[in-house]
Ligand SMILES: *Cc1c(COP(=O)(O)O)cnc(C)c1O
């Protein structure tokens, strides 16, 4: 399938006059249509709720849009809790799915009334000692180990993942928590990441629903919700078939009716904690070609670098690139598209066939709406870019300004040298 850009060349020409490249641009219309379709796909479950994984795109303006559709927030750190609170997402609209959790984070999550999702059995005592009680509603993260397969395809390797409790531990944890006064229980698992298949959620649901029936029978607890977490992926590559959220919702419903309903558990709510699926395709990184270099390979140097989008450098991920205004040109030039870090892995594309690129061309790097800006950092003293929202009416709104040197030096503010640096 051809990958389309959600902004036109004409719109972009206007936007860059106000906001110089590089910046991340988000598509309000796309975000809204997608969240509506997700809600419809799970409307068969009266308790259904999406807790947006804030880490994917921690921008209050964007999370606010999802909140309008009843989404909560999945947080796993102190600052993510603060962000949620600031936009009025509080109490049980927050799922605190943390791991290796510092005490002060449990304290804040409890103070805000968030649902706490325990990553480990030892965290029961740690939580109780930290906050002085066990909450009435509590969730546990499950990791069955082994390989997670769909037919013969290995989707991921839970046995090698640091998250969650073993089968034995989750039974034990539920018994202990019940003794300590917990009333409503949740089960959570995240067994495969960025799955581009309609079968992942239904397969995961089967594992969790069967486990839930056993847990309810053997420990006598009331299971209130099952949290399928994140993991629904997006087609980064043009030849990938996108997920069909309706088929995914239907697949989960079938397993629900097959496993939970006959066990008398037809009141269990389904929760999700999607990140990538909610925002990934609705963001892109807009950058300008500023150099071309002809050495042992052909390089196009752009004004963005890996600090603005780390996925290619970190995981070798593919991100599609469109050269604006040259959509219909033949892709007959082979380029490495590189940033300016003193690191040879700072490349957005390697040996990519693209139209002939000239200095000044705008390159749109696709699917940066989740785990894009969010993974940014400041190596080489590089600054984080702005974030801009392309609104439904076609206008552009700044939703985060670009960093300045003063931001970079801000943590020297308690020293004399800092005062000098910040003024520069
Ligand atoms: C990262 C994460 C998510 C979201 O994952 P996506 O792949 O972006 O959907 C959900 N839940 C937890 C606990 C996570 O760590």
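Each residue, glycine too, has its Cβ placed from N, Cα and C.
Any TrEMBL annotation is an automated prediction that lacks curation.
Quantities reported herein were computed from a predicted structural model and do not represent experimental measurements.
The active site, proton donor annotation in TrEMBL covers 342. Under the heading domain 'Orn/DAP/Arg decarboxylase 2 N-terminal', TrEMBL lists 31-279. Look at TrEMBL and you will find 281-369 tagged as domain 'Orn/DAP/Arg decarboxylase 2 C-terminal'. The N6-(pyridoxal phosphate)lysine feature in TrEMBL is assigned to 55.
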Looking at the recorded positions 55, 342, the one with the fewest other Cβ atoms inside 10 Å is 342
DSSP residue counts for the domain 'Orn/DAP/Arg decarboxylase 2 C-terminal' (281-369), split into helix, strand and coil = 7 helix, 38 strand, 44 coil
About how far apart, in whole Å, are the alpha carbons (Cα) of residue 342 (active site, proton donor) and the residue listed as 'N6-(pyridoxal phosphate)lysine'?
-> 27
